[in-house]
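Enquirer: Below, the features straight out of Swiss-Prot:
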ACT_SITE  Lys16  active site
ACT_SITE  Asp141  active site
BINDING   Pro99, Met100, Gly101, Ala102, Gly103, Leu104, Gly105, Gly106, Gly107, Ser108, Ser109  ATP binding site
Amino acid sequence: MTDSTRSLRNCLAPAKLNLFLHITGRRPNGYHDLQSVFQLLNWGDTLHFTLRDDGRVARVTDVPGVPEESDLVVRAANLLKAHTGTTAGVDIEIDKCLPMGAGLGGGSSDAATTLLALNRLWQLDLSRTELQSLAVKLGADVPFFVFGKNAFAEGIGEELAEVELPTRWFLVVTPRVHVPTAEIFSDELLTRNTKPVTIADFLAQQNSDAGWPDSFGRNDMQQVVTSKYAEVAQVVKWLYNVTPARMTGSGASVFAAFQSKHEAEAAKAQLPTGWNGAVAESLNEHPLFAFAS
């Protein structure tokens, strides 16, 4: 990342994985109570921010299928302007890397990186807690990325506690299919009564590499998604021939963990022709963590 008084360039918006995802209940308002562990990855979209003197917020790169006015990065910047009253403006460039609708948190991470970067570039000095209170207005996953550490999440995803995770390499395979999150959450076959677990339960298991991630929990959405989307089912089945694998979020991406980059790259090299796979190392902290206190 490069930093000047007029711009912040090469700001990573890291992807996330749900190492497990349990649905423990459903609220009267339709929202679901969840438990999950969020893992940051050293892989994601790259954003660039340049000050404008006219006060405008402008996205200067096209993102296919995402109108500028509804883009989370533009909404995040405008939300920050409205909250603080700053007269500063910004040009935002986005180098998209993460597939959309894949369960990797791409749009949410872009929004969080925007909040953190503009907190620095606009010299706002908002606290992390204050930024998280804004982030929740943009989406359920955005507060996690502002939180900036690997986390045990509860509630609807807004109750976060830092969790220490070992360094691992991941192979993430994304089928060429978009899985609508709302469709999966509304499916009558979705498990909604998984018994709650604790951080201690998770930590006792995740330090053992044998069979991980199968050694703890599951993704309650995976069975519904694989029954509806054959492409996701094919990836899960193929990866299981190599190593234990699991879907992240509501899909469609599926991941497997390895002890080394070499092992992950070797598995990627075996992927069937035309499959989209990426190798990424785990992160302990968001690259812009220091931009809020």
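In case you wondered, yes, glycine gets a Cβ from its N, Cα and C as well.
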Enquirer: When a 10 Å sphere is centred on the Cβ of Lys16 (active site), how many other Cβ atoms does it contain?
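Expert: I count 27 other Cβ atoms within 10 Å of it.
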Enquirer: Within the chain of Gly105 (ATP binding site), which residues six or more apart in sequence place their C-beta under 8 angstroms from its C-beta?
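Expert: For Gly105 (ATP binding site), the qualifying residues are Ala15, Lys16, Leu98, Asp141, Phe144, Phe145, Gly249.
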Enquirer: Have a look around Pro99 (ATP binding site) and count the other CB atoms within 10 A of its CB, chains all included.
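Expert: The answer is 19 other Cβ atoms.
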Enquirer: Between Gly101, Gly103, Gly107, which of the binding-site residues has its C-beta surrounded by the fewest other C-beta atoms within 10 Å?
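Expert: Ranked by other Cβ atoms within 10 Å, the binding-site residues Gly101, Gly103, Gly107 bottom out at Gly101.
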Enquirer: When you measure from the Cβ of Ser109 (ATP binding site), which residues in the chain that are at least 6 apart have a Cβ under 8 Å away?
Expert: Ala13, Pro14, Ala15, Lys16, Gly44, Asp45, Leu98, Asp141, Phe145
Enquirer: Inside 10 Å of the Cβ of Asp141 (active site), count up the other Cβ atoms and send me the figure.
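Expert: Cβ-Cβ neighbours of Asp141 (active site) within 10 Å number 25.
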Enquirer: In the three-state scheme derived from DSSP, which category covers Lys16 (active site)?
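Expert: Where Lys16 (active site) sits, the three-state DSSP reduction gives strand.
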